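Below: the structure, in structure tokens.
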Amino acid sequence: MDSNTLAMIGVAVVAIVLIALAVWFSKSRKRDLDKTIAERDALREQQSREAEEKERKAEAEAAAAREESAQAEESGAGAPVSEEPAAEGEPGPAEVAEPAKALTGAEAGETPAEPESEPEPVAEPEPESRPEPAAQEPEPAPAPKPEPERPESVGGRLTRLKAKLAKSSNPFGKALFNILAKDNLSETDWEDVEDTLLLADVGAEASEQLVDDLRTDARVTGKADPAEVRAALREKLLDQVGRDTDRTLNADKPGANRPSVIIMVGVNGTGKTTTAGKLARLFVADGKKVVLGAADTFRAAAADQLETWGARVDVPVVRSDKDGADPASVAFEASAKAKEMGADVLIIDTAGRLQNKANLMDELGKIRRVTEKNLPVDEVLLVLDATTGQNGMTQAKVFAEAIGITGVVLSKLDGSAKGGIVISVQKELGVPVKLVGLGEGPDDLAPFDPEGFVDGILA
Ligand SMILES: Nc1nc2c(ncn2[C@@H]2O[C@H](COP(=O)(O)OP(=O)(O)OP(=O)(O)O)[C@@H](O)[C@H]2O)c(=O)[nH]1
Ligand SMILES: [Mg+2]
């Protein structure tokens with residue numbers, strides 16, 4: 001063999017050895033790998049077996065616990081009572097929440113489409129969203145209910161308001177007292193009496209007639225004794241005021257319509273809304289069911305003002321949500337509501353308006369006509385501010401023509417010595433003064449009492 005052959009054999013041997021080594025190495029690696037995998041799988045299996053066992057154990061323990069509690073419930077019903085509501089407390093609010101939603105849904109669902117589409121979404125958000133509002137709702141709900149005030153009874157307020165009127169300073173009465181305190185009345189004194197009556201807004205015609213009558217009486221009796229003149233003046237004033245005039249509100253008359261409708265009218269700021277609120281209290285004190293209609297849509301604050309009055313005595317107020325809505329449509333809705341509720345009285349407040357604004361005066365006629373589609377209007381009360389004196393007369397005439405007036409409320413008599421307008425307004429319009437406003441207090445409204453009024457003037 002030559003050297004080349006030997007070298008080739010050597011290389012081949014080395015290559016074979018190397019291949020053999022490589023094969024062995026790879027096989028031993030594979031074995032190790034398989035072993036590791038097998039070990040890992042075994043470990044996993046063991047872990048899962050342990051987990052299963054744990055679960056089984058837990059289940060068994062839970063089952064045992066359930067059995068135990070069931071046995072405890074069966075054996076002792078008294079003890080767990082305090083726990084039961086706690087356990088049932090959670091589903092409780094959910095149950096309460098559902099009917100609450102159903103109620104509001106029913107209330108809100110005025111259109112037929114809504115109730116059908118509601119049930120599905122209602123079921124989904126139940127668990128989380130409902131218990132919360134249910135827990136919050138009961139808190140505000142009871143707050144407004146215990147509030148309704150008890151308005152003063154008619155008898156009680158009459159005594160109080162008479163005393164109030166007597167206390168108020170009355171320059172008219174004082175002037176008369178000074179004149180009539182004289183022994184013999186001169187021509188000038190008689191003129192002063194007439195002037196005083198004029199200043200008290202008794203009106204020119206009525207004042208002249210009163211003084212003429214008194215002078216005639218004095219001439220007939222041959223003397224002008226101040227005490228007698230005073231007594232005679234009282235009688236004559238009572239005649240002028242109308243001692244026997246029927247001043248009952250139409251709503252209070254036997255056989256009155258049910259609901260009986262009252263519309264409040266007058267120029268700006270005379271006290272219409274305040275009187276509507278006070279009047280509602282007067283009826284509530286009398287046990288009547290009242291509804292207020294806010295037909296002053298000129299500004300939202302007017303309806304808010306009326307709502308405040310209503311809320312104090314739990315009287316519902318029908319109003320429009322938007323400013324400038326048609327007041328006649330509010331009157332229509334209010335009369336429909338009062339009818340539907342079976343109310344005893346509906347009081348409709350209107351916006352103040354100047355008697356020389358023809359379109360606004362026409363609006364009053366419309367309010368009346370539209371209301372009458374539902375209910376007859378029994379009363380239109382003109383609210384006159386006693387402090388405006390004879391100017392009120394011009395107003396009264398125009399209002400009477402526009403809507404018809406069945407009675408007058410003389411407001412703010414507490415701040416005026418000019419109550420004499422009672423005489424002229426009744427004479428001119430042929431309608432009685434039915435109520436007087438004697439302050440800003442909620443119950444400072446009283447039926448007009450001629451004797452109290454005349455005594456107040458002469459005090
Ligand atoms: N002193 C006194 N104030 C009164 C009387 N009646 C009403 N007022 C006051 O007069 C003001 C006007 O009263 P409102 O009831 O708002 O008058 P209104 O006629 O509704 O006014 P408008 O709606 O704006 O035309 C308020 O400050 C009342 O408190 C009263 O008899 N005596
Ligand atoms: Mg008003």
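Any Cβ shown, glycine's included, is placed from N, Cα and C.
All annotation found in TrEMBL is predicted automatically rather than curated by experts.
In TrEMBL this protein carries:
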- 266-273, 349-353, 411-414: GTP binding site (BINDING)
- 40-69: compositional bias 'Basic and acidic residues' (COMPBIAS)
- 72-112: compositional bias 'Low complexity' (COMPBIAS)
- 113-126: compositional bias 'Acidic residues' (COMPBIAS)
- 432-445: domain 'SRP54-type proteins GTP-binding' (DOMAIN)
- 40-157: region 'Disordered' (REGION)
- 6-25: transmembrane segment (TRANSMEM)
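The secondary structure of Thr350 (GTP binding site), as reduced to three states from DSSP, is extended strand. Counting residue by residue with DSSP, the domain 'SRP54-type proteins GTP-binding' (432-445) contains 0 helix, 6 strand, 8 coil. Candidate binding-site residues: Gly266, Gly269. Fewest other C-beta atoms within 10 angstroms, Gly269. Annotation: Lys272 carries the greatest number of neighbouring Cβ atoms among the binding-site residues Lys272, Arg353 [cut-off 10 Å, Cβ to Cβ]. In the vicinity of ligand 1, defined as a Cβ distance under 6 Å, the following of the binding-site residues Gly269, Lys272, Arg353 are placed: Gly269, Lys272. Residues Lys272, taken from the binding-site residues Gly266, Gly269, Lys272, Thr350, Arg353, Leu413, are distinguished by a CB atom under 6 angstroms from ligand 2. The Cβ of Thr350 (GTP binding site) lies under 8 Å from the Cβ of Ile263, Met264, Val265, Lys272, Ala295, Asp296, Pro327, Leu364, Ile367, each on the same chain and at least six residues away in sequence. Within the model, the domain 'SRP54-type proteins GTP-binding' (432-445) shows a mean pLDDT value of 91, rounded to a whole number.
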